[in-house]
Amino acid sequence: MERKTHVKINRKEVMLAKLRKTCSCTPQKLKNFVMDFFPVLRWLPKYQCKEYIWGDIMSGLVIGIILVPQAIAYSLLAGLKPIYSLYTSFFANIIYFLMGTSRHVSVGIFSLISLMVGQVVDRELLLAGFDLNDDAPPALGDSSLQNDSLSNTTAFNLTIAGINAECGKECYAIGIATALTFVAGVYQVLMGIFRLGFVSMYLSESVLDGFATGASLTILTAQVKYLIGIKIPRSQGHGMLVITWINIFRNISQANLCDVITSAICIVVLVAAKELGDRYKHKLKFPLPTELVVIAVATLVSHYGKLNEVYASSVSGAIPTGFIPPEVPQFNLMLRVAVDALPLALVSFVFTVSLSEMFAKKYAYTIRANQEMFAVGFCNIIPSFFHSFATSAALAKTLVKTSTGCQTQVSGVISAMVVLLVLLFLAPLFYSLQKCVLACIIIVSLRGALRKFRDVPARYHVNKVDTLVWVITMSASALVSTEIGLLVGMVFSMVCIVVRTQRPRTALLGQIQDTGFYEDDLEYENLSTVPKVKIFRFEAPLYYANKNYFLKSLYRLTNLDPNLEAARRKKYEKKEKQHLQKGNHRAANGLGIGETTLQLVPKQIDFQALVVDCSSISFLDTTGVNTLKEILKDYKNLNISVLLACCNPSVIDSLKRGGYFGRDFGSMQEMVFYSIHNAVLFAKDQK
């Protein structure tokens, strides 16, 4: 077969042409750029109102109803007031409606992202000297955020560098959250500009599942103190999960009986409703708004039963209505959280794109991953000016969205309107809502992630290495920290890949009877060996890291090390000459000499050709080419020919560049074959 002659591409000219095309500005290009950047301009004019509107309204209302209690609950994870979670849910839905390419994903507040934000907020509050106790003395006489901040400033009497001297604990906390969110959004936009979306490929499914499960254990642990109503410090740093559980058991005697009873009732109701919903979901037109019902009933019971005043049950407190004037995130704080924003940006993007691709495939349309990165980035950048924190797509809400008839992101606008209604009018009604009720909603929402433990045996049966990656990532995320867990998972999964290529499967092949096909002699029965020919398969790329393993496996399976055999022959010849010079012919023939001399007798070699099956060798580096040249030379010294079979074009090109076939490639047709059988037939014909 003759290789095609490829025309050499002048990369400089290509780059210049692309640059000229990119930098040129025409009305049509400007229009396309704007419509690509805001995909809503393409699909909204084609919106089929009669066909789509009712499904979008229904799904938008349901998601809005779910968003409100979840937003209030997840504020506990982020260490912020509930009003900021509502802002986040509102702005994220509006911006993704304008910029997103997925029709179905629900972008907004997400438990894992809230946890990561909360950990950074808590750390910075501690470093600034604030008390992390959730029940710090409230502001006197006024429930507004501004007066609350002033009260905290008076209590702590601190001046924070880069922030107004009147800024207190809550003001500083949201300042940290918005700075973190802004930097994470900038990272995502930069990744989109430089097309760095491929980074997400290094977060495998096992890493993401392990990270989500480990983070869920951390979330569950952080909510236990609210469930039983004890007051313990919010643990920070590595080992937070273990330290928190130690503090819980030390203070278990201080549990608030009212909170314990409320938590037990809420969990039973929520879990029962979820299980019934899962069992009869094919009969229900939309999911039951159980969280909203529980919050409404619990708020009424808490308010009229005066649970806060009589039983000291911790409540949400005042939630102001309306919008706080926008502020620019503080640059000084951005420098403090720049490193923390990187894993946050990566996790947010990966979850959003993976969900977008999953539902696009399910409903037969396409998304643009790069535009998704821009959309998520601006869902973080713009809301950060309006006292919001980081967002991402969430699987549970997206599943609800699709099950209730969602057709387009118009449903996101409907959800935003529901949140806006709460922001403008209904927020103060949640003043008496117990924190233990919010903790119950968070814990029950973790069912899906915690159920991953049941899948471990099945996962282990499918792939042991992936299971190990899951366990390592989950353990590191739970026992050390979420960021470290994500990093450990990425590194460990890549190490597993490297180890697999360092010690791949190797085999000697036998011939399937009466065919021209060959397979592993240890895996299949009734294979016949080829006389005078050894066929060796190496199932990995051949490069510097596995060169030694390649040689050791080859020598072990063929039962011949050409270097040792060549050395043995040289020693034998030298010894034979010495005995011949002395006239001791008997000794030269190996008779009457010691065991050491007997070991120098040349080994009987049972093959005259070695065929290397290169079908699994995807590439060669310089070390790999030199390794093949080395075995070619070593076996040639023993009168054994080395034949390569099933090489792909890139491997052949590497061999040519490395001089494996000599200068003129004249002997190439006698060294490389397109099938193992051709190589075997050629070897049999050799003398």
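Here the Cβ of each residue, glycine as well, is placed from N, Cα and C on the backbone.
Over in TrEMBL, the protein carries these features:
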DOMAIN    523-683  domain 'STAS'
TRANSMEM  52-76  transmembrane segment
TRANSMEM  105-121  transmembrane segment
TRANSMEM  172-194  transmembrane segment
TRANSMEM  206-228  transmembrane segment
TRANSMEM  248-272  transmembrane segment
TRANSMEM  333-353  transmembrane segment
TRANSMEM  374-396  transmembrane segment
TRANSMEM  408-426  transmembrane segment
TRANSMEM  470-499  transmembrane segment
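Under the criterion of 3 or more C-beta pairs below 8 Å, with sequence separation of 6 or more, the transmembrane segment (374-396) and the transmembrane segment (52-76) do not qualify as touching, having fewer than 3 such pairs.
Tertiary proximity for the transmembrane segment (105-121) is limited to same-chain residues at least six positions away from its ends with a CB under 8 Å from its CB atoms, namely 63, 67, 70-71, 74-75, 77-80, 85, 88-89, 92-93, 96, 173, 176-177, 180-181, 211-212, 215-216, 218-219, 222, 236, 240, 337, 340, 343-344, 347-348, 351-352, 355-356, 359, 375-376, 379, 389-394, 397-398, 400-401, 412, 415, 442, 445-446, 481-483. Of the candidate ranges 172-194, 248-272, 333-353, 408-426, 248-272 contributes the most Cβ pairs within a distance under 8 Å of the transmembrane segment (206-228). Beyond its flanks by at least six residues, the transmembrane segment (172-194) meets 78-81, 84, 117, 120-121, 124-125, 128, 130, 160, 163, 327, 329-330, 333-334, 336-338, 340-342, 344-345, 348-349, 370-371, 373-374, 376-385, 387-390 of its own chain at Cβ-Cβ distances under 8 Å.
Confidence for the domain 'STAS' (523-683), expressed as mean pLDDT, is 86.
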